[in-house]
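Reading through the structure tokens given below for one structure.
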Amino acid sequence: MAAKDVKFGNEARIKMLRGVNVLADAVKVTLGPKGRNVVLDKSFGAPSITKDGVSVAREIELEDKFENMGAQMVKEVASKANDAAGDGTTTATLLAQSIVNEGLKAVAAGMNPMDLKRGIDKAVISAVEELKNLSVPCSDSKAITQVGTISANADEKVGALIAEAMEKVGNDGVITVEEGTGLQNELEVVKGMQFDRGYLSPYFINKPETGVVELENPYILMADKKISNVREMLPILESVAKSGKPLLIISEDLEGEALATLVVNSTRGIVKVAAVKAPGFGDRRKAMLQDISVLTGGSVISEELAMDLEKSTLEDLGQAKRVVINKDTTTIIGGVGEKQAIQSRISQIPQEIQEATSDYDKEKLNERLAKLSGGVAGLKVSAATEVEMKEKKARVEDALHATRAAVEEGVVAGGGVALVRVAGKISNLRGHNEDQNVGIRVALRAMEAPLRQIVSNSGEEPSVVTNNVKDGKGNYGYNAATDEYGDMIDFGILDPTKVTRSALQYAASVAGLMITTECMVTDLPKEDKTSDASSSPAGGMGGMGGMM
């Protein structure tokens, strides 16, 4: 076991505080409409430029191990806030820095760290309740646009695009953020169920001008097996040919003579047919095939259920109004499945999402939910250079998370005003002793930090502006973008309640742990033992030469 370096008391806390301040100072310059950029070096390629707090925090590692522990603990605040609400990382980092700095001053002055923490916790619990009282619902398109705009660093086009996407696929619908190709941001909405599997043969294409397969009112055969023998498909092919309708086959795989027979039938016009592989792998593939069967009113032909492809009939097939297949995707539009069956299937998925342990599983389950619910919206972000593209994409993702949070818990006045108002309302709060009162004051002072930093980044005097805002009431605050005072709601400067609440709670939680830290332990740096033995052969030979 490696030897450890141990530091106690004030010595440990000073080191930890240095790390906290290095990380927080790098992150907080990005806050507000006039926040500055941070340039991040990459091991290869061009450096990236960002105004996203969590992106900056993730890049910071310090050489001194004790300082690095402080930095990593604040990084945890940013990550937790990001995971909970998708935004508010810079605010959370700033709140944590303020609480730690003020709290450690009080500890150095002889206050009891545990009582300080209790005071901070008491203030935060009251502040969260007041935030909920200040919160107003965010349901209309205008409010959603404003929240998206603020979170995307005052980019109105992004805010409008997110509001449009939410209008089209619903507040709970899946909205993806992708890299576009042009210079304009675009919104692409896919109605119906789409999955990432294209046609198995280009000979199925019946629209050569667009390079796609289009099937009108097709039957849909779903098989949870590999099909290579044409004989087991003949009965169903004959039945479909008699009906005069096209056929889509979705199976684990289709190969050999089975695929060749379908291609020949399709090119000769005997049966209008196309085949694609089933989406996903393993259990996820079975679940997605079941989703498609519910959506189209058919059955999955599965040997596990003792179903035989050779004995299947038209009643086992699903149907849809239209199917469009290109080389990469298949889209099923207007499935004829029973609404009650679809709703029942949809209601199962939220429970599975709660039980899922990995983010990847949750993401895939959310995708399934959206596809069954009837649509996926894709935001295509475009920019002139790759560096700008990455920065813009991160901002759009932040804005999307913020708008979802706003719809969930409502909004409060932005620009740091809500926390200042909350601090004013609970200013008479008292603890059980004087040390707890100091803890409460530490938390109240920290609640002014976001407003002060926004003002500082815009080049104004923080104390003057903060006092002016404190003298006002309600939503009265400072618009740093235009350098004027007024009603923040009228200015369209809104913060999601969930983002502000999460930032405050996570900051206080981690900062409280840091204030009550008394000892820090880390590995001693390993010394490079350069062996003298490596140079001995040459030295020995030289000595022998002298003797001769």
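Glycine is treated like the rest: Cβ placed from N, Cα and C.
Per Swiss-Prot, the features are as follows:
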BINDING   30-33, LYS51, 87-91, GLY415, 479-481, ASP495  ATP binding site
REGION    525-548  region 'Disordered'
COMPBIAS  539-548  compositional bias 'Gly residues'
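In the three-state DSSP scheme, THR90 (ATP binding site) is classed as helix. Counting only same-chain residues at least 6 apart in sequence, those with a Cβ under 8 Å from the Cβ of ALA480 (ATP binding site) are GLY32, PRO33, LYS34, GLY415, ILE454, VAL455, ASN457, SER458, GLU460.
Taking Cβ-Cβ distances under 8 Å and a sequence separation of 6 or more, the neighbours of THR30 (ATP binding site) in its chain are ARG36, ASN37, VAL38, THR50, LYS51, ASP52, GLY53, VAL56, THR90. Cβ crowding, taken as the number of other Cβ atoms within 10 Å, peaks at GLY88 among the binding-site residues GLY32, GLY88, GLY415. Within 10 Å of the Cβ of LYS51 (ATP binding site) there are 21 other Cβ atoms, across all protein chains. Under a cutoff of 8 A between CB atoms, and with a sequence separation of 6+ in the same chain, the neighbours of ASP495 (ATP binding site) are GLY88, VAL147, ILE150, VAL411, VAL412, ALA413, GLY414, GLY415, ALA418.
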